[in-house]
């Protein structure tokens with residue numbers, strides 16, 4: 001974790017520069033704020049570990065006021081705040097630090113713009129206060145975990161004085177923690193069901209620093225005894241002495257704890273305990289049968305008519321347990337629960353962790369770790385993988401869309417054969433991965449999609465499949481291309497042509513072709529053609545933040561991707577002359593339409609990792625195991641035949657194919673890769689400019705045209721989004737040329753980045 005520092009100075013001067021370069025030398029991330037508002041906003045966003053506030057002149061900046069406003073926030077609990085105070089002359093008396101401490105500052109720094117002095121100050125803070133704060137922060141996390149743990153936890157001092165119990169302990173024993181903390185264990189009532197010498201045996205073990213584990217009877221506040229599985233561990237502290245004892249307690253299920261109640265005979269031990277109120281009603285984990293964690297509540301008294309009510313509840317519970325309507329995830333959880341019953345405790349606990357993961361809502365989104373610490377990666381993730389739900393009222397972003405064919409003075413081809421020779425010559429190379437779409441853009445006057453589309457669609461027999469004339473197909477391609485914005489530097493019809501070309505290239509690979517039907521190929525080519533139609537040159541996050549019409553229409557979810565598909569179908573079916581679907585039957589149309597929609601929606605980046613992980617787990621891994629077994633048996637692999645038998649797998653392949661085609665720029669030849677990088681950067685720069693003009697949140701701050709490093713942004717994009725996805729796609733489709741380009745281009749960006757870093761010159765030491 002790289003330390004983060006916030007500098008708050010009304011104006012940048014030698015002192016702020018000293019801290020800035022000190023941060024650079026120490027490898028800390030540094031932000032500068034010049035107003036109280038921007039300082040608080042930056043702190044709440046980044047939650048820096050060290051904040052340095054200029055307290056030299058209150059006329060320019062109210063240092064104490066800013067400090068108090070930061071201290072009023074929850075994240076500041078573990079932040080060290082430093083006041084920069086003016087240097088005093090030899091004849092002046094040093095002032096007290098108490099006013100600063102009362103305002104919330106942790107320490108003061110006497111004005112000194114020397115980089116070394118600033119560096120020494122920051123490093124001392126890191127090794128002192130910051131590291132201590134890290135430990136305190138970790139303690140908070142530990143106690144939060146304990147509070148949510150389903151095992152009963154009790155921590156006592158070396159003298160057996162209770163210092164902590166968690167909610168699960170309170171529920172199991174019937175006490176409130178206020179009744180327990182500070183009391184010696186000897187003060188609590190004991191059960192008379194334990195062996196006479198059991199406590200002596202336990203004490204003998206733990207006083208020697210050994211862990212004791214076994215079954216123990218405890219008396220609840222209500223007076224009844226419950227049998228527990230207890231593990232008590234001594235904690236060695238300062239001086240090598242035992243400072244604490246930690247006890248983990250689980251309910252030990254026996255018939256004695258589970259007296260028969262009418263209607264319970266058919267239920268398992270766990271279900272009986274749940275019905276008796278010893279399990280939380282919302283906890284359905286099968287744990288007691290393997291002596292594992294449980295949530296326990298007090299046994300409540302029942303009124304005189306309780307037995308009849310209970311009997312009805314028990315029969316309802318039995319019906320619920322016998323229900324056959326199960327989702328696949330429920331079946332998986334039930335299988336794991338069953339496997340836990342007779343598993344060793346270590347395996348059962350590992351399966352517990354599996355169950356916790358399976359119960360989360362985001363199964364495929366990675367937990368972002370160190371890779372996202374890089375600001376370029378962080379901004380790309382924030383800009384591409386969120387819908388930017390930070391709303392500012394009063395800002396409306398509406399882009400005009402003309403759903404009619406935009407007439408052009410360009411002459412369009414009337415047939416495939418009616419194409420200018422220079423274009424025909426270029427298109428002879430369209431089956432090669434190294435095809436230069438920018439040359440086609442130039443000779444077609446920014447109308448490459450119609451020409452490439454006619455050639456590719458003819459090669460794949462699209463007109464024949466759709467039973468439409470070449471004239472209808474041509475009119476449709478003209479209509480779609482006319483609704484791409486040529487003013488966009490990146491998301492224009494050249495990008496659509498590029499994605500169409502990549503999709504066609506992938507469809508030509510043997511394993512892809514063998515896995516898909518003709519309908520899938522047609523759907524993929526149409527999806528690639530329309531996938532960004534009417535793109536405004538702004539991200540989903542921007543549209544959501546601006547409260548655009550489209551964001552409102554699509555509820556801030558997959559806004560652009562939903563618009564691309566909806567508009568494409570509206571345009572297509574609006575005019576019979578352009579309707580390529582008019583001659584196919586209803587069922588075929590619905591199947592084709594669903595496949596197209598699914599593929600275009602797959603280009604939305606918030607589900608990027610879900611699509612990649614599903615592909616790896618459902619396609620790559622089974623295929624690898626099949627290939628291994630087929631080699632060992634000396635038979636041919638039937639992988640593609642098996643995939644054809646499972647429509648869900650075909651869907652995963654189509655999603656992966658269009659996703660890879662959509663972001664294949666880093667896998668193109670270097671000159672094309674560089675051009676695409678410049679174009680996407682320019683579009684992001686324009687968005688940042690507009691966000692600043694409109695006072696909207698800046699979604700990707702690193703894409704500032706005055707400061708952005710294009711090599712760094714490309715490196716981050718390749719590292720975070722491209723490499724893993726293309727590794728998986730290559731393992732399926734076999735794409736050595738692409739992977740070689742990717743390696744070469746990555747090396748190119750790395751070299752440029754290193755040269756940029758070397759060109760930066762540190763200022764001379766003050």
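The backbone N, Cα and C atoms fix where each Cβ goes, and this holds for glycine too.
TrEMBL: automatically predicted annotations, no manual curation.
Features reported for this protein in TrEMBL:
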type	residues	note
ACT_SITE	491	active site, proton donor
BINDING	491, 492, 493, 494, 495, 532, 662, 714	AMP binding site
BINDING	495, 531, 532, 662	Zn(2+) 1 binding site
BINDING	532	Zn(2+) 2 binding site
DOMAIN	145-188	domain 'PAS'
DOMAIN	415-756	domain 'PDEase'
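When the Cα atoms are compared, residue 493 (AMP binding site) and residue 531 (Zn(2+) 1 binding site) turn out to be 10 Å apart.
Helix, strand and coil counts under DSSP for the domain 'PAS' (145-188) come to 18 helix, 12 strand, 14 coil. You'll find the Cα of residue 531 (Zn(2+) 1 binding site) roughly 9 Å from the Cα of residue 662 (AMP binding site). Of all the binding-site residues given, namely 492, 493, 494, 714, the one with the smallest number of surrounding CB atoms inside 10 A is 492. It is 531 that, of the recorded positions 491, 495, 531, has its Cβ surrounded by the most other Cβ atoms within 10 Å. When the binding-site residues 532, 662, 714 are screened for a Cα within 10 A of the Cα of residue 491 (active site, proton donor), the ones that qualify are 532. Shown in sequence order, 499, 531, 603 are the residues of the chain, 6+ apart in sequence, with a C-beta less than 8 angstroms from the C-beta of residue 662 (AMP binding site). Neighbours of residue 532 (AMP binding site), defined as other CB atoms within 10 A of its CB across all chains, total 24.
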